[in-house]
Every structure is written in C-alpha cells, then in structure tokens.
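In TrEMBL this protein carries:
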- 9-50: repeat 'WD' (REPEAT)
- 51-82: repeat 'WD' (REPEAT)
- 93-134: repeat 'WD' (REPEAT)
- 135-176: repeat 'WD' (REPEAT)
- 177-218: repeat 'WD' (REPEAT)
- 218-259: repeat 'WD' (REPEAT)
- 260-292: repeat 'WD' (REPEAT)
Amino acid sequence: EDPSLEKHFKGHRDAITSVDFSLNKKQLASGSMDSCLMIWSMRPQMRAYRFVGHKDAVMCVQFSPSGHLVASGSRDKTVRLWIPSVKGESTVFKAHTATVRSIHFSSDGQSLVTASDDKTIKVWTVHRQKFLFSLSRHINWVRCARFSPDGRLIVSASDDKTIKLWDKTSRECIHSFCEHGGFVNHVDFHPSGTCIAAAGTDNTVKVWDVRMNRLLQHYQGNAAVNSLSFHPSGNYLVTASNDSTLTILDLLEGRLLYTLHGHQGPATCVAFSRAGDLIASGGSDEQVMVWKTNFDAADYGDVLKTQKSGASVDGAHHTLQSEMDCDVHLKKTKPQASGRNQEQQEEETSLANTLEHIMGQLDVLTQTVSILEQRLTLTEDKLKECLENQQKIIQNKMS
C-alpha cells in the first residue's frame, strides 16, 4: 500500500520552516515565517493553538523527548521554551547574535543545541536554561546542528560547505566532511548513531559513516533537498525538496521507494513521527500535511523493539550491515507469536505511561522554576538595594 495523505492543516500565513511530532503523536508543532508557532491536534475536532511571542520568523521547532515542552528558534535571535497548552506560556533566552536556524534536544531531554547565522553552535541546559558553551570553528552561517542518539557527539552543517563532527565532552571538532558540491541544508544522525545523512542544495542526499568517515550512499535527486528525517527503524529516509516532492528512500536496498506529491511549491521541512507510522511535511505554500507511511510494520517492528532493549536481532537481511555498516539488521520474517503473557505487557505499558507522566511533570516544574528564578533574581536585587540604603543611613548617623 502506498503512503497516503491523512491530514491537511491550514492556518499559517507564510512559508512553513519546521515540523515535529510529539512523542504520543497527539500533537504536531510547526514553525513559520509568519513568526508564529502552531500546535495542531491530531485528534478530530480539537482546535489548534497559535503561539505568539517571537518578533520575527520562527525558523525551527522541536518537542522535548517527553513531549511536554516545545523549543523554538527565530530570526529574532532568541530561543523560546513553550508549554504546549492553552495558555501558551514561554520563557525566552537570548541565544545568539543572529538568526537561530536550528534547535535540537538531546535524547535525555537535558540539553539543547542551537545553530545560528552568527557562525556558532551553542549548547544549553534545559532545566536551568543556562548557556553552557559555544562551538565556533565554522566560517559561515550554521544551518543545522544535531546531537547523536547517545548525546556524545554533535553534527553541524554550514554554508562554509563543511559538515563538522564534534565531541560534546572535549568540545573539539573531530572531523570535517567537505565533499558537498553545494551547501548543506540539513543533517541528522541515523538512529544507530553510526552514520549521518546530509541534504544538499546540489540535489543530493549523502550518507556518511562517522566511525570510518567515509561516504556510504549517494542519492541524486532532481532539485535542492531542504530537509530529511530518518525512520526510527533506521531503514528509511524521507526528504523534502524544492521540486515540491517528498521522497522516501529505502536505505537497505539503496533506492527510491516512493515520491509523494502534495505541496504547491518547495517542500521545506519533513519529519517522521517517533513511531514511524506518520510523516509530517511543510511547504512554502503555507500548508502542513500529515501522511500515513503504510510500511509493513513487520519489516521494522522487531528492529524498534530490539533497539530499545539494546539487544541485536539476527535477520535474514544483512544488506544494512555490509552496505551501511550500521548496527541494525532488518528482519523480513513475520514476528512469531510471543510467549509473553498479557499481564507482563500491560505492566510494561503502564510503567512506560507513568514514566512519561513523571517526565512531563519534571518539564512543567522546570518551566515554573525558571519563572520563579527570574522573579527571585528581581527580589534579590531589590533586597541588595535596601541593604545598601540601610548601610548608608547607618553611616550617615554615625558620622
């Protein structure tokens, strides 16, 4: 069955720049050149929220891993953290000295990495909303920066025609890939963390091994590629291009699987949902679209399970191992009926739900603490002023 258009969201008043699904797929966030952030509900008859706060185009949006915060970066040089609810409250931090092009949470939700036209990449703590450090070896705008799945590496793409790989702990640049004919619009890590994919203005998608620093795959398209997203199984890649199409690439077979037509004008951004069953895309036509992937779940269901448990599945399909040298096998066989009892599965589900709830509560607390901290600082300043005045009065009396 081919992928099909599921939903169509209209409400932005300018080109869409960025889309992202929440963990539970109940919400979809989009950023636009109209300076607004929108949160769309995937449930029917639920209204969308429009968040206003940025003074200029919103360039990037992302849900935190728990789904209880949304981060956005803007041409107004700031980053905002929002609670995706009716109120749409946000805290703002002055992030860069130029447009913030890209924002990304680490997979534990503790850190944020931002990339900017000021040629730097910056890393922040989410809970204290404090700036940690800058990476500044690029000599032109930085369009995109992403954490590796384990959070130890950062990859960045710049208009200086390099893709740089950084060690987060030592803050050193480990490697520069300089092979692109054009600029790199977007870069991301494969879910296994062993490779990266880069979308180029030279109409190509390239997949590199970050352990051997060599090119693994090279796809030639018909137009500049603006954005890409890995399927959580690591077996597929979806791209958004200037010729208004989305393409789904089969990384195991190394070929184009589907081309999706829907946008009028350039397709600007694309993202798989965290379960991989949906794709969201945005275009310069101001529209946000949601597609059902309709992949055979048996193809990747097992892979997802084992990636979570950290074990390795042995499958009949070893192409990925040889071709891409990544630590994932694809199992083509239908999964056997599992011998595990219903109770155990239910327990695991309820445990997962509880954990997700706790993470959410933490995120909300973070926001509250951050607002309180801001107020506390004001109070401390006032107190200091009072004490200083008191000192002066005492000194005057004594003299």
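Cβ atoms are placed via backbone N, Cα and C, with glycine included.
Remember, TrEMBL labels are computer predictions, not curated facts.
What you are looking at is a predicted structure, and each value in this text was computed from that prediction instead of being measured.
By the count of Cβ pairs under 8 Å, the stretch nearest in packing to the repeat 'WD' (260-292) among 9-50, 51-82, 93-134, 135-176, 177-218 is 9-50.
DSSP states for the repeat 'WD' (218-259), grouped as helix (H, G, I), strand (E, B) and coil, give 0 helix, 26 strand, 16 coil. According to DSSP, the repeat 'WD' (260-292) comprises 0 helix, 20 strand, 13 coil.
Here the repeat 'WD' (51-82) has, by DSSP, the following mix of helix, strand and coil residues: 0 helix, 18 strand, 14 coil. The DSSP breakdown of the repeat 'WD' (9-50), given as helix, strand and coil counts, is 0 helix, 22 strand, 20 coil. Note on the repeat 'WD' (93-134): DSSP counts are 0 helix, 23 strand, 19 coil. For the repeat 'WD' (135-176), the predicted model reports an average pLDDT of 95.
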